[in-house]
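Following: one structure in structure tokens, then a few remarks.
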Amino acid sequence: MTPPGRLYLLRVCSTPPLLLLGLLLALPLEAQGLRGIGLTPSAAQPAHQQLPTPFTRGTLKPAAHLVGDPSTQDSLRWRANTDRAFLRHGFSLSNNSLLVPTSGLYFVYSQVVFSGRGCFPRATPTPLYLAHEVQLFSPQYPFHVPLLSAQKSVCPGPQGPWVRSVYQGAVFLLTRGDQLSTHTDGISHLLLSPSSVFFGAFAL
């Protein structure tokens, strides 16, 4: 009679290798002597869940809303301390430009409204061109880059009082330290009121 120990060895040796491999894979890692090699819960998460995001749920996101200064003369000036205008969570206003506090996606918007009493001279009116542009100045560029731009024209032709509005808005990937500013043609025709002329941005 074969001793039990020898019989056990014979049975193992006669087992097909593929069956042994399947049994081994079915065992828990601890039973295989591989304690500590298993994936941690964080490592087992999908890769897209581990990407860093600049803003997490509950984080107060940067936002700014500016309105046109009624004392504007040669160029459109912005202010943030009145008429529901504000600077929040990192945004600041310097040299009439918004300073981006954190890198990320931002919705940038602006509106202006132009108005006039009519076309001059009335006999042979000349075209009047109106334009408004939001510009980006960044350490990556040596000059102002247009982000949003729109143009309108009024006249020629006999007409009475007129009003033209321009609204623009889009999403941009901005970098901390970027500066957002505006350029406007037709300053003398701006209808300066908080609900008509404004400029802002907020993080997404």
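Placed from the backbone N, Cα and C atoms, the Cβ positions cover glycine too.
Among CYS13, CYS155, the cysteine that Swiss-Prot records as disulfide-bonded to CYS119 is CYS155. When pLDDT values are averaged over the domain 'THD' (62-204), the model yields 91. Helix, strand and coil content of the domain 'THD' (62-204), in residues and according to DSSP, is 3 helix, 77 strand, 63 coil.
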